[in-house]
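Written out below as structure tokens is the structure these notes cover.
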Amino acid sequence: MDSSPVMDSRILSKCSGCFRERRMLGLRINPITVTLAICFIFLCFRHQPVSAFNLDIKTPLTQRGNRGDMFGYSVAQHIDQGNSWMVVGAPRAQTGQPDIIRGGAVLRCKINPHNLTGASAQFCQIIPFDARGNEQRLSPGGNYQPIEDKNNQWFGATVVSSGESGHILACAPRYVYLSTQLNKREPVGTCYLARSGSTRFEEFSPCRGNVDLLRETVDQYHKSGYCQAGFSVAMAANGSRILIGAPGAFYWQGQVYNYWLDLNNNKLSTREEGATEDNKYRGYSSAVGNFDDDKMEDYVVGIPRAEGLMGMVQIYNQNLQPIKNITGKQIGAYFGYAVAVEDLNGDQLDDIIVGAPMHSDKDSSSYDTGRVYIYYQDFRGVFESEGADLRKFRQKKKDILEGYEPKSRFGSAISGLGDINLDTYKDLAVGAPYGGVEGRGVVYIYVGSMEGIITDVSQVLQGKDIGYQLSTFGFSISGGHDLDKNGYPDLVVGAYQADTAVFIKSRPIVRVAPSLRLEPDIIKLEEKNKNCKIGEDPYKINVPCLMVRTCVEYSGVGVSNELEFDFFWTLDAKKNISKRMFQYITQQPEVSELNLRLQKEKIFCYDFIVYILNNIRDKLTPIDVSFSYRLVGENEVVGRKKRQAINLGTIPPILDKYIPSTVTVEGKISKNCGKDEQCIPELSVLAERVEPFAKPIEVGSSNEEIEISITVRNDGKLAKDGQLAEDAYETMLYVELPEGVLYSGITNANAAVALTCNYVTLNVSRFVICDIGNPMPALAKTYFTLLVTPHNIDGQSDKLTFKLNVNSSNPEMPGDTWNNYFPLEIPVRQHAVLEISPNLASSTEQVIYNTSGVSLYKGTGFGPEITHEYRVRNLGPTPVKSSIINIYWPSFDDQGNHLLKIDEDPKVLNNEGGYCETLLLSPENSTDFTYQEGNSKINVLLQTKSKRHSRQRREVSNIKNVKCNNQYCTFIKCFLGPLPGHMVDSRDAAVIKIKSHIWTNTLVLRGLTSEPFNLKSQAFAQVRAMPFNIPVDNFNETYMVSRAEVSTYVNAERLSPKTKGVEIWKIALAIVGGLLLLLIIILVLWVCGFFRRKRRPPPTEPTYNKPLMKNGQQPPKSSLANRPYE
């Protein structure tokens, strides 16, 4: 359904009978359109920078009409014979006119109900513009028939007042004329004028006479038959001329009529134009102003469908000659729906305000938001029209007031308010009847200024704040007159859907003139006042003191001669912490609230003493004192009884919101900064490592303290003029620490400049912040050593970057800040030390296998179990990502016979992700992998120290070693997962475990059961990959091959096996027992005379034993090797 304010003319032209639904009022009277607008009000409205001003929304006077009367459809302010009235149109009201159904009425309502007296006194009274019913005439048939139809004529749809002691003009745009021939039905519309005193009434129906001129034409929409005169009206301020809009004339081209009331009601009208001007709706809105130099008021007429639906406003002089056209900017915005005239910038020239309530924001898809355009009249540039000098309007200088909410139709009603806040500039009210809270309507107040309207809204009047059932608040607005006689113009707002009109008073404005000063205004910290002492006896100290002097005076129109205020002072107001100024009496930074009653236009002054702390830190920022005041009772919540009392009398005043309620004065601290009191420093910072050639930081290292030497200077020349640097106040050095570095402290600080450093954390960054002098004098230098410790270097970067930045609260010259920043970089490297060693505690150290063992393992095929274990550790600081272990296992003898059989795959223990692979080498595949002692095929450095461990009971140099040879071997390759750094504890080491059994056939075959020998495995470990993408420190050591071997001693027959150790107590007991036994034997032998026997005489010749074998004779061979295996 089309919701435009006026239906298309082609649709209207096809209607017939009793106006046949030709509702030229469109939005104003279309109930379906209004219902849709209310249903789709956007409840979430845009943020509005609002602060209330002097329209008193807390104590409104609300007048209600009968339900369904559309009371409040139009409103006007009127003053007559000293009485102030709200004039309210109710176009659907039922009156006392004979035989008229809802003809409509205009009522006047008192704004001071307590002035009414008598039992029959009423708040609102109908103005008797027309008490008659339909005029009748004798028809050709001999009976009387009406020649007009006032039923539903919408009298009161428009109403306007010429001001104090002036006229009231009200219209019925749906009035229907049937003609003297009684053969027509033409909605010509009509208006009534109530002259001063509302005792004489006069009708104006400019189109009605034209209908009878065309006696034979029934439907005269092509002429003046459908003109709907009174759709809009305007009246000169002195009431001498009226303008009546008739937008339905001439195929809805529209027409306006100008009546000269002081010249026997002579009238002029605009003429019919070409067919291209059809359906433009000239006269849809109208207003009066002065736009030329003839000192006669001119007319502004809205034509909302002109210029291809862009809309247009046309300015006419008193002779209805066009002066200027102003065209809208958006199709369908209904530019010209409402117009008003007011001097908003105080230049004594009328400005034009145009509403476009259907304006939409295509970028945000917000429709019917609305917009108001303001065009300012200008002295510059003139043009002539028929000899009259006429002013132009500034096309480049216009203000636009934007609507705040979609579907609110901001700009549906516009009214000048007069000077509502008495600042010499007139103000403006704009209605948005479908906006605001819950879509109940809202009125926006804007104030004027020398530069024009202040586009930030000054006050927002919400319909919901007036009454819960209120809706379409702001559909009609009228302002500019002081109805309650308090010296301020008031406002009347209509809300027709709620049958309500609201009178809103303006509160008197209190203008306060405060002054504040410090004595003296220059603070010299070195000068202590002997009369100002703080602290407790006997430790009182002298401090600098000042006097704060405050003077206040208030004035205002309509305000009381005595008002109550609250006063507040805040010392060092810009600082929330670390205050520098205190009240001397209370020694607090705030002065207690002071409540006083002041006399109007009489100056009140108040003094108190303040002092400045010694040794304050911020010496550059001025110390300010702020003074604020509050009018007591200004924002008091008003109850029902008090609201009624206020309605019957005066309302409380309000402070002028455009005069700041807080004033501030600054006390500058005296500084050694020259005449301009502006110190310009030239700071610089440098840093270096105390040991510049020290080794890089290794990932994983800790407790290795880093010493950084830092130097801060303030001794350069300024870039601009080459002058020497001046004092630097609140000099701060910021050292941002890299990740994984901890602050330890400072040392070697230069005592010439005060220095304190603290460690702080800001979000995820960590800083050492140093305070370097306050001030740091010109030509000064300070140095110190910063101590930091690497704690958890993550290895993501190949350097640690310490970011140093020095600054002060007084800025440097733009070209002098390059040396305020210095990055110090320390290289970061990774370093590992891989070590492999035998795990003797878990390896088989020796086995006994001789001829007796042959029979012991007979039938099994192999002999005793042999286990070798290797431990792998990373002794370096940096973790190892992966490593490789090569183990050579003697599974065969040099002839390819099986020797050590591996029972199961070698295992990797205590290492996540570690595993082993096994490869058997034989002459067939040994060409691809050649084993050599020393492993020369591995292209890395070997450790010169071979870890060979032996715990044999005795060392026999000729014992045979059995290990891998060039052609027969088992090659075991183990891949280890990550190894952490600092694996000092052997319990953390990765373990490689190999389990096997001796192959007995080979021992018997090779005759090894009667001779001892060693079975040896060898292992080589090397780093395969490091975890970080940064350089490696000590590359050779990190990737060096570590070598180890495990040896198992096989004990043969001619060597005694290693006995198991015996407990000490058993040995001691055996010795004691042996000694006792020896004593008993000696005693027995002595008794038997053993020690008294005779000795043999010595031989006369020496006797020699025969040697066991001759020189060169070979010992008999063992037959074990030649015996068959049993």
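For all residues, glycine too, the Cβ spot is worked out from N, Cα and C.
Here's what TrEMBL has on this protein:
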- 1111-1126: compositional bias 'Polar residues' (COMPBIAS)
- 506-671: domain 'Integrin alpha first immunoglubulin-like' (DOMAIN)
- 673-814: domain 'Integrin alpha second immunoglobulin-like' (DOMAIN)
- 861-1037: domain 'Integrin alpha third immunoglobulin-like' (DOMAIN)
- 1098-1126: region 'Disordered' (REGION)
- 57-118: repeat 'FG-GAP' (REPEAT)
- 214-268: repeat 'FG-GAP' (REPEAT)
- 321-384: repeat 'FG-GAP' (REPEAT)
- 396-455: repeat 'FG-GAP' (REPEAT)
- 459-521: repeat 'FG-GAP' (REPEAT)
- 1064-1088: transmembrane segment (TRANSMEM)
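DSSP labels the residues of the repeat 'FG-GAP' (214-268) in these numbers: 7 helix, 20 strand, 28 coil.
If you count C-beta pairs under 8 angstroms between the repeat 'FG-GAP' (57-118) and each of 214-268, 321-384, 396-455, 459-521, the highest count goes to 459-521. Confidence across the domain 'Integrin alpha first immunoglubulin-like' (506-671), taken as the mean pLDDT and rounded to a whole number, stands at 83.
Beyond the transmembrane segment (1064-1088), no same-chain residue lying 6 or more positions past its ends has a Cβ under 8 Å from any Cβ of the stretch. Counted with DSSP, the repeat 'FG-GAP' (321-384) comes out as 0 helix, 35 strand, 29 coil. DSSP assignment over the repeat 'FG-GAP' (57-118) gives 3 helix, 26 strand, 33 coil.
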